[in-house]
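*Asks:* This structure is in structure tokens; I'll ask about it shortly.
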Amino acid sequence: MTINYDPHLIQSSTKDQLANHQPADCSNKKKYILAMFPYPSGQFHMGHARNYTIANTLSDYYRLNGFKCYMPMGWDAFGLPAENAAIKHKKHPKDWTQGNIQQMKGSFDQMGLYFNWGYELTTCDPEYYKWQQWLFIQMYQNNLAYQKQATVNWDPVDQTVLANEQVIDGRGWRSGALVERKEIKQWFLKITQYADKLLDGCKTLDKWPEQVRQMQENWIGRSEGLDIHFSSDQEDIKVYTTRGDTLFGATAIMVAPTHPICKEALKRDPKLADPLSELMTSGVSEAEIEKQEKKGLPLGLYATCPISNNKLPIWAANYVLMDYGHGAVMCVPAHCERDHAFAKKYDLSIQPVITSEQHDYEQGAMSEMGQLIHSNEYTGLESKDAIIQLGKVLQKINKGQLKTQYRLRDWGISRQRYWGCPIPIIHCDHCGIIPESFENLPVMLPTDIEFEPGKNILQAHKSFINTTCPTCGKAAKRETDTFDTFFDSSWYYNRFASGGDPSQLLDSSMKPALPVDLYIGGIEHAILHLLYARFVNHFMHDIGLVDNTEPFTELLTQGMVLKDGTKMSKSKGNLVTPSELHQQYGSDAIRLFMLFAAPPQQSLEWSNSGIEGMHRFLKRVHHYFETPRKTSNQEDKTVWANVQKILQQISQDYEKRQLNTTVAGAMKIFNILSEHHTAKQEEIERIFLITLFPLAPHISMYCYQKHFNQSILDAQWPEVDTQAQASAPIMIAVQVNGKKRGLITVNASNTKEEIVAIATEEPNVKKHINAIRKVIYVPNRLVNIIAS
Ligand code: ANZ
Ligand code: ZN
């Protein structure tokens, strides 16, 4: 008899139950499991499939263990691609986004991925962004939001601001024009005020990957050093240095091309205008600055060191960042690699001031700390002591001090883009900057717009811009910048817990649902998204909205899906789409393959034979449960003990997030079922289907229902029978002088003495012994008798 395994039929017959299953309420046992919500691009890929399968599987596991699991899902729906698509396909970003959301929801469904859709949220929905605007206003009122001049990428042909992603090799993505830097007023959040809290918080994240915790710490980048104020004809030039001990080796002062002193220099020498602006024509991102060739320009000005009294030339240099430290550095070619390269290029002198054995200063810098030389009264001091000493002296003469500096900068949240959440600020000629009043929230993003490249839509939208001041009632203008989408995703996990409450951001009765117990997503979000979310959650804690400071107790960063060793992507032409696989195999086989092929944290290599194998396994499972099974009244303690051992392993692997071995474990139990027929057959069948359920839900549910006439949703994770292994008989080999002479059956609970006694009574063993000299016992495996 052939039985046809039709995964689609099985999926469609079980999906309603799976989708609508609401967990029984166990108020003190909750798991909030969250997979990073997707950008609705419309393309559901294997990376999504993997991410959400891991979340679904762990949630089902905890549900069977009696937890109330929240697993909401939503859409990170604002952002640039929608705007680009609007230009390309002449479609409104809203429609494009809505269409994609529907399409992706269909993909979730097809892949048998089930969420608590009752909590669904979409960031471009006014219901959502109303509370985002409210949250921003709380930050503003707590002095955590401010406006300042900041640099953007400017496309001089399209006359528009470009996002970093729109600058390709230094040129605008549409016009191809060389991108310039331009200073405009933008909104910032003072994440720097939370630098210490965020650093301290890192120490509590013991369920995060160590590597991610470290990336967070490095990004915040606490560093201890000195502020030194060099005197000049103008105002003092302040520099920040971590190597104050190398002060006597400074041979120049380098400033950012946008440093105020450059304007002074320009006044004296207008010919500097062109070379100076040339220093500015490159990207603004730090990575970009690191890549570019280091260039400089002497400004014809000098600064004097308050300690050494050395008079140093001032240069503008393209590698000095205006927004780190003071936008100026002392250049120490002998001890800093970057300065060394610069000195070689422009022929600055190299003066060693730290001891070193046989270092060739023509070849490169010597960056170790050590003992000071050629440093007046500081000569002979250890670097660390010298820095502290210098700090004291500088402070005394009012020319600097010891300083803790963070690499972290304030978070620029302004985007000069249409498709984003409007920043709820009004500019009034009489009152200044005024947040929109609560009754008027949300500030709606207008939808009656026309797309033209090079035009700022909101700035051109009269009825959006013109408004009245909430304070004085006079005519005023709205802010036209929108929020960076990182802001949208910095608090969504808390909004999920509100259940969509229209009257407040978060109902306090929902606090117990927080924090997120397990957050699952790609390693590409290891820094910014997580840092911003942590900052916003700390703030929400500080204003009493939530009880927890850290938003995500455990973090699981899933690996990439590769094919032939490279990332699967459309551009590489090696895409395998979940939907074409679904056609062929159904979702259970795809889920099993992805879980089995690698532990969640590691990259997963795509393989056709792998998924074929899973499909065959499921066919066998189906066949087993669809055909009359052989029964037996035979007790077999060994079989039962083996099953218990595997079950214990599987449970532990779930706790360790080792989902690949949970699949292997379920397969082992199935092999036992197929090969043995014992009195406990039915119990083992139950154990098998329950352990398979989180991994391949449809077939497990189907077989359980059919076979036991019960819903697997009412089942509980089987408890491990810890007695089974102790009472199961085990076979032990007996050797005499290293030669195998017999096999005995004992109980795991037998003592060594009992086992040795049984061994020596075994007839064939007995035959070979005269006098026993020594017994070596390897528990559960071997007795070796040394005898004459
Ligand atoms: C002199 C010096 C000598 C430096 C030496 C290093 C080695 P962290 O640890 O990241 O804080 N720096 C300071 N402000 C800068 C800016 N705005 N743009 C670019 N570079 C800047 O690094 C601090 C070091 O980075 C400072 O110490 C300064 O160079 C540089 F042997 O000063 B140092
Ligand atoms: Zn006003």
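Our numbering is plain: 1 for the first residue shown, then up by one each step along the chain.
Even glycines carry a Cβ here, placed using N, Cα and C.
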*Asks:* Checking feature assignment: motif ''KMSKS' region' per TrEMBL, candidates 97-101, 567-571, 762-766. Which range matches?
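*Replies:* That would be 567-571, per the motif ''KMSKS' region' entry in TrEMBL.
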*Asks:* Which residue range, 38-48, 478-488, 621-631, 709-719, is the one TrEMBL calls motif ''HIGH' region'?
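*Replies:* My reading of TrEMBL: the motif ''HIGH' region' range is 38-48.
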*Asks:* Can you work out which residues elsewhere in the same chain, 6+ from the ends of the motif ''KMSKS' region' (567-571), have a Cβ less than 8 Å from its Cβ atoms?
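*Replies:* Apart from its flanks, the motif ''KMSKS' region' (567-571) reaches 43, 45-47, 560-561, 606.
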*Asks:* In sequence order, what residues of the same chain, 6+ apart, have a Cβ less than 8 Å from the Cβ of Lys570 (ATP binding site)?
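*Replies:* Set apart from Lys570 (ATP binding site) by at least 6 residues yet with Cβ under 8 Å, we have Gln43.
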*Asks:* Using DSSP, how many residues in the domain 'Methionyl/Valyl/Leucyl/Isoleucyl-tRNA synthetase anticodon-binding' (636-754) fall into helix, strand and coil?
*Replies:* 72 helix, 17 strand, 30 coil
*Asks:* Averaged across the domain 'Methionyl/Valyl/Leucyl/Isoleucyl-tRNA synthetase anticodon-binding' (636-754), what pLDDT does the model get? Just tell me the whole number, please.
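*Replies:* Looking only at the domain 'Methionyl/Valyl/Leucyl/Isoleucyl-tRNA synthetase anticodon-binding' (636-754), pLDDT averages out to 93.
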